[in-house]
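Annotated features in TrEMBL:
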BINDING   Cys180, Cys182, His204, Cys207  Zn(2+) 1 binding site
BINDING   Cys193, Cys198, Cys220, Cys223  Zn(2+) 2 binding site
DOMAIN    177-226  domain 'PHD-type'
REGION    107-151  region 'Disordered'
SITE      Tyr179  site 'Histone H3K4me3 binding'
SITE      Met190  site 'Histone H3K4me3 binding'
SITE      Asp194  site 'Histone H3K4me3 binding'
SITE      Trp202  site 'Histone H3K4me3 binding'
Amino acid sequence: FPAGIENLPCELQRNFQLMRELDQRTEDKKAEIDSLAAEYIESVKNMLPEERVEHLKKIQSAYSKCKEYSDDKVQLAMQTYEMVDKHIRRLDADLARFEADLKDKLEGSDLETPGSRSLKKGRSQKDKRSSRGRGRRTSEEDTPKKKKLKGGSEFADTILSVHPSDVLDMPVDPNEPTYCLCHQVSYGEMIGCDNPDCPIEWFHFACVDLTTKPKGKWFCPRCVQERKKKK
């Protein structure tokens, strides 16, 4: 597993536990507000103006606490979502690298069966004889054939057929957020814009003409245009 993902279940459990505690605190405050409101309605006729103001301040303070607990819970939920989304993007990138490495290994492998060697040798000799009158062979004939994994040719073909860009063709959760100039879900290598007010934030390498992460700060094309306008 990628670094840090083994801790994800513990982090999720901790966040959900904190959210449950915030829920309980909110419910306790709501019960306190109901009690204060009932007490105020019952005794308001006999209270002095100063006592009414003091009692209303207690109710207002309890409402403020409820709002704080709710804001904390929303913030915690957003952090939890971003944490899971970060691991999903990391897994997508690792999967794309794994598929690319596997493809390179399979295409660069020299493992051949004796039958395939003799077939290739015979075909090569035939090509040499026939090429004298017809010129150079086509690029398809020069391209090495994909090797099959022993006992797993279907698996090899499936892996080789998947390219990092093909992630766009996979079934996507309609609730999964989209990023980049292409408005697609996260996949492969992505880079974050260093403008804190960037409306998009994350971009696919290919969509912004990158192959490796640049040194220093990086701004997306939209933010670069905005910065030029301000100057």
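Numbering starts at 1 and runs along the chain as displayed.
From the backbone N, Cα and C atoms, a Cβ is placed for every residue, glycine too.
A map of TrEMBL features onto the structure.
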| residue | record | Cβ contacts under 8 Å, 6 or more apart |
| --- | --- | --- |
| Tyr179 | site 'Histone H3K4me3 binding' | Val185, Ser186, Met190, Ile200, Glu201, Trp202, Phe203, His204 |
| Cys180 | Zn(2+) 1 binding site | Met190, Ile200, Trp202, Phe203, His204, Cys207, Val208 |
| Cys182 | Zn(2+) 1 binding site | His204, Cys207 |
| Cys193 | Zn(2+) 2 binding site | Ile200, Glu201, Trp202, Phe203, Trp218, Phe219, Cys220, Cys223 |
| Asp194 | site 'Histone H3K4me3 binding' | Lys217, Trp218, Phe219 |
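Counting every protein chain shown, 21 other Cβ atoms lie within 10 Å of the Cβ of Met190 (site 'Histone H3K4me3 binding'). Taking a C-beta cut-off of under 8 Å and a sequence gap of six or more, Cys198 (Zn(2+) 2 binding site) has these contacts in its own chain: Phe219, Cys220, Arg222, Cys223. The number of other Cβ atoms within 10 Å of the Cβ belonging to Cys223 (Zn(2+) 2 binding site), over all protein chains shown, comes to 17. Same-chain residues with CB within 8 A of the center of the Cys193, Cys198, Cys220, Cys223 CB atoms, the Zn(2+) 2 site residues themselves not counted, are Asp194, Asn195, Ile200, Glu201, Phe203, Phe219, Pro221, Arg222, Val224.
Sequence-ordered, the extra residues of this chain that approach the Zn(2+) 1 site, with Cβ no more than 8 Å from the Cβ center of Cys180, Cys182, His204, Cys207, are Tyr179, Leu181, Gln184, Phe203, Ala206, Val208. For the binding-site residues given as Cys207, Cys220, the lowest number of other CB atoms within 10 Å of the residue's CB is seen at Cys207. The residues of the domain 'PHD-type' (177-226), classed with DSSP into helix (H, G, I), strand (E, B) and coil, number 9 helix, 8 strand, 33 coil.
Counting other CB atoms no more than 10 Å from each candidate's CB, the recorded positions Trp202, His204 peak at His204.
If you take every residue in the domain 'PHD-type' (177-226) and average the pLDDT, you get 87.
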